[in-house]
Amino acid sequence: MRITVLSGSDSPEREVSLVSGRAVQAALETLGHEVTMVDPGPDLPVRLLENPPDFVWIALHGDKGENGKLQGLLDWLGLPYNGSGVTASAIAMDKVVSKRLFVAEGIPTPAYRVAEAVPQVSECQAWLAALGSPVVVKPADGGSTVGVTIAREAGHLPEAVRLALQYSPQVLIEQYIPGQEITVALLDGLVLPAIEIVPQGRDFYDYEAKYAPGGSRHLIPPNLAADVLKASVDAAYRACRAVGSTGLVRADVRVDPEGRPWVLEVNTLPGMTATSLAPEAAQAAGIDFEQLIQRIIDRSLD
């Protein structure tokens, strides 16, 4: 099968995307597919029209590959691809929209506020009064923890919002949930083993903890009571279903000291690097990396 792998682009997550792309390329070639690597730019529609592949593997991260626009282009061109469709991709990529959906569906998620400009300190004080301290400040449509800050004082919030605004026109100011970080991956609706993420030498699961070797420890199964784990998995499953995701998808959950799960977000194009969580969850379920890649392709073509 002739497969085009899209990786790179000009996203802040470009380097992660390139690593994912190379990992997918190696797996596809091992499986016997003919692979063309494309670093997409403005000429992508023309390139795909002139040399249409049998399948497009999206290994992009960030808004360039996850906000539904690329999915819409591929649908228009009639080219099958991995991951969720236009609507689910757009909802999951926009953290404000997805948070509103979670609230409407009764899915537990941390309280939040939204900023579109650098706030005054008085506004920051009101946020902290409502949300507590600290808060997590993040771009509304970013990933890989790029532009994310934990702010503990009102005076720190303007700079945190200013940083996040470099990556998104909207910024989410979110209640910080202490406790454990859990991620749950689904493969075509099948719940894969949950993973607990324990950052090493860091306050939270930042970019280095995600992608640097040794940046975090992953525990399978998580160190949770059975009923708490079940509640966490159920919340993650409901979030993925609410978004309308398909294929391989991952939901991130915080579990507070009282054992209550809080859904943070849904990722419709999980990373596929050597340290990525979704492939690790698949491996724990007995599905190796090449099998995972082929299964995603086969299901996308059904």
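Placement of Cβ uses the backbone N, Cα and C atoms for every residue, glycine included.
A quick note: this is a predicted structure, and the numbers were derived from the prediction, not measured.
Marked as domain 'ATP-grasp' by Swiss-Prot: 99-298. Annotation comment: Swiss-Prot describes 128-183 as ATP binding site, evidence class sequence analysis. Residues annotated as Mg(2+) 1 binding site in Swiss-Prot, with sequence analysis given as evidence: Asp252, Glu265. Taken from Swiss-Prot, the feature Mg(2+) 2 binding site applies to Glu265, Asn267, supported by sequence analysis.
Across the structure, Leu163 (ATP binding site) and Asn267 (Mg(2+) 2 binding site) are spaced 22 Å apart at their Cα atoms. Thr149 (ATP binding site) falls within a strand when secondary structure is assigned with DSSP. According to DSSP, Glu265 (Mg(2+) 1 binding site) is assigned to a strand segment.
DSSP assigns Val135 (ATP binding site) to a strand.
Within the model, the domain 'ATP-grasp' (99-298) carries an average pLDDT of 93.
In sequence order, Trp127, Leu128, Ile150, Ala151, Leu157, Ile173, Glu174, Gln175, Tyr176 are the residues near Val135 (ATP binding site), counting only same-chain partners six or more apart with C-beta under 8 A. Asp252 (Mg(2+) 1 binding site) falls within a strand segment according to DSSP. Reduced to three states, the DSSP call for Ile177 (ATP binding site) is coil. The two recorded residues, Thr149 (ATP binding site) and Glu265 (Mg(2+) 1 binding site), have Cα atoms 16 Å apart.
Candidate binding-site residues: Leu128, Ile177. Fewest other C-beta atoms within 10 angstroms, Leu128. Sequence-distant neighbours of Asp252 (Mg(2+) 1 binding site) (same chain, 6+ apart, CB under 8 A from its CB) are Glu181, Ile182, Thr183, Val263, Leu264, Glu265, Val266, Asn267. For the recorded site, His156 (ATP binding site), the DSSP three-state label reads helix. According to DSSP, Leu128 (ATP binding site) is assigned to a helical segment. Secondary structure from DSSP puts Leu163 (ATP binding site) in a helix.
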